[in-house]
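Trainee: Encoded as structure tokens, here's the structure I'll be asking about.
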Amino acid sequence: MLKLETIDAGYGATTILHDVSLDVNAGEVVTIVGANGAGKTTTLRTIAGLIRPTSGRILFEGRDITRLSAHETVDLGITLIPEGRQLFPEMTVHENLLMGAYRSAAREKQADTLEEVLTLFPRVRERLDQNAASLSGGEQQMVAIARGMMARPKLLMFDEPSLGLAPIIVAQVFAVIDTIVKTGATVLIVEQNVFHTLKAADRGYVLENGEIVLTDSGKALLANDHVRQAYLGI
Amino acid sequence: MDTILQLLANGLMLGGLFAIVAVGLTLIFGIVKVVNFAHGEFLMVGMYLTFLVTRMLGLHPFVAVIVVVPALFLIGALTQRLIIQPLMSARDDHIQIFATVGLSTALINLALLVFGADIANTPASGLRTPIEIGPVRVLSGQIAIFVASIALVIGLQLFLQNTAMGRAIRAVAQNRSAAQLMGINVDRIYILTFGIGAACVGVAAVLIAPLYPTSPTIGTYFVLTAFVVVVLGGLGSIPGAFVGSLVIGLIDSFAGFYIGSDMREVAVFGVFLLILILRPAGLFGKQLNLSHVSP
Ligand SMILES: Nc1ncnc2c1ncn2[C@@H]1O[C@H](COP(=O)(O)OP(=O)(O)OP(=O)(O)O)[C@@H](O)[C@H]1O
Ligand SMILES: [Mg+2]
């Protein structure tokens, strides 16, 4: 479904990603594991079209999307739930969700999607009329995920969904992601909680200093010595 | 008592005038984050267009709205697309300031070239007729401006709050990169917003032209107060700009009478400074709010 071929990308003159190649097949859960500053967020932002690669190709469903902008990749079915939630603080939760269905294809099904999403997030339903900024961190993360689903994406990308949340809330966030995965969604996820994510993932990539150094099934990576030492602290 | 009522009426009429000029300025600042120093010259261009349409076609000045508002929308949209947008990647605010100041100077010189330094008088068409409301006398054209300024403020708020496009505009202002992730074409929203802001000053131009003589530098006269009002109301706040306009209008009116007309501006700027000392973000401005930065 998604294919990155030898991608170089970065900020201004600084290249962060070197020769990154990775695939995500339809229905798969794929994770990218890496230390702080390895380039995980940069990879997701490049796929989403917020950063333009300086070389290499990105294909989505066989189509070259390397030069597309973020608002164009959304149309094709790529949605990024960004690091740090990035809600619209002075909008209500309801308005935030409507923004998720901004593109015309999603907007046509907006009412149905909203009902489906709110069934999955009963807490979000209770908060619909509140300002997004007034929610707790965990609630904001739920809204961010719900807003991403409002676009009815084919590929859903999560960037550190458990960042800065209390352990109980983290468990709730993972439960929600598991539910989404069970519906057969295609997911690319970056998560500091490597143990949990590798267990849930079909496959994983290890990113170090902007380069992919290792790739295997989630299970195999969990058993890998390097991964255990560097990322699981075992 | 009658004097006070008359001063009150004058102040409110003046406030409506300031508001109708300032609304577009604060919209552009609030969303695109660009201070449009050419805003007064947009007004001037709109007034000349009103003058031309009424003179050449012999129509009522208000009919000129059909021409002036779309023309100003286009001028605003093109300003964003051709001048501001190419400079935005530089992300250096100074360059944008120079660009809009440059545009302002260019428009003044263009007007001098086309119309000369002489003033152009748009036909009054009954808009300079005094109307008596109890003990108070105001011009019909002033009432039109006041009513239109309220309508414009309410109309813009309804548009921003209740339409998908209005929500997209607010989304871009609140979180630009998240807006992109929603599928919003941010460049397009900026062009649209600049166009709408300029169209608002087009409405102002049509209403002001019959009351004030048009000259190449008329924009400066109005827009200085508009800047004061925008800062006073809280940068980017449309209701704030409206309330700020009324405050300044009333101070101008009362200070002009009781302290002396040469002291009006001193009083206006005195109160302006006082309010900013007490509320640095302006009357309706958002104080720095970190509550949404989650732990
Ligand atoms: N906007 C930016 N401009 C310049 N450099 C940046 C920018 N954002 C990130 N970087 C740099 O790019 C590198 C990779 O950052 P990135 O955010 O992709 O890492 P990450 O793997 O997501 O890390 P984390 O676990 O901290 O989220 C880092 O060295 C960072 O300093
Ligand atoms: Mg990151």
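Glycine residues also receive a Cβ, built from the backbone N, Cα and C atoms like all the rest.
All annotation found in TrEMBL is predicted automatically rather than curated by experts.
Bear in mind that the values here come from a model prediction, so they are computed numbers and not experimental data.
According to TrEMBL, the transmembrane segment annotation covers B:12-32, B:52-76, B:97-119, B:139-160, B:189-212, B:218-235, B:242-260, B:266-285.
How buried are these features, and what lies next to them?
Mentor: Long-range neighbours of the transmembrane segment (B:12-32) within the same chain, counting only residues 6 or more positions beyond its ends whose Cβ lies under 8 Å from a Cβ of the stretch, are 39-40, 42-43, 76, 80, 84, 138-139, 142-143, 145-150, 152-153, 156, 169-170, 172-173, 189-190, 193-194, 196-201, 203-204, 207-208, 222-223, 225-227, 229-230, 233, 235-238, 240-242, 244-250, 252-253.
Note on the transmembrane segment (B:189-212): residues 17, 20-21, 23-25, 27-28, 31-32, 34, 36, 39, 42-47, 49-51, 54, 61-62, 64-65, 68-77, 79-81, 84-85, 88, 122-125, 127-128, 139, 141-142, 144-145, 148, 152, 156, 165, 168-169, 172, 179, 218, 222 of its chain, located 6 or more positions outside it, place their CB under 8 angstroms from a CB of the stretch.
Long-range Cβ contacts of the transmembrane segment (B:266-285) within its own chain (Cβ-Cβ under 8 Å, at least 6 residues beyond either end) map to 225, 228, 231-237, 239-240, 243-244, 247-248, 251-252, 255, 259.
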Trainee: Do any residues of this chain, six or more beyond the ends of the transmembrane segment (B:139-160), have a C-beta under 8 angstroms from a C-beta of it, and if so which?
Mentor: 12-13, 15-17, 19-20, 23, 27, 62, 124, 126-131, 166-167, 169-170, 196, 200, 203-204, 207-208, 210-211, 238-239, 241-242, 245
Trainee: List, by number or range, the same-chain residues at least 6 past the transmembrane segment (B:97-119) whose CB is under 8 A from its CB atoms?
Mentor: 34-38, 40-42, 44-45, 48, 79, 83-84, 87, 213-217, 219
Trainee: Against which stretches of its own chain does the transmembrane segment (B:242-260) lie, if we need a Cβ under 8 Å and a gap of at least six residues from its ends?
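Mentor: Non-local partners: 3, 7-8, 10-19, 22-23, 149-150, 153, 225, 228-230, 232-234, 266-268, 271-272, 275, 282-284.
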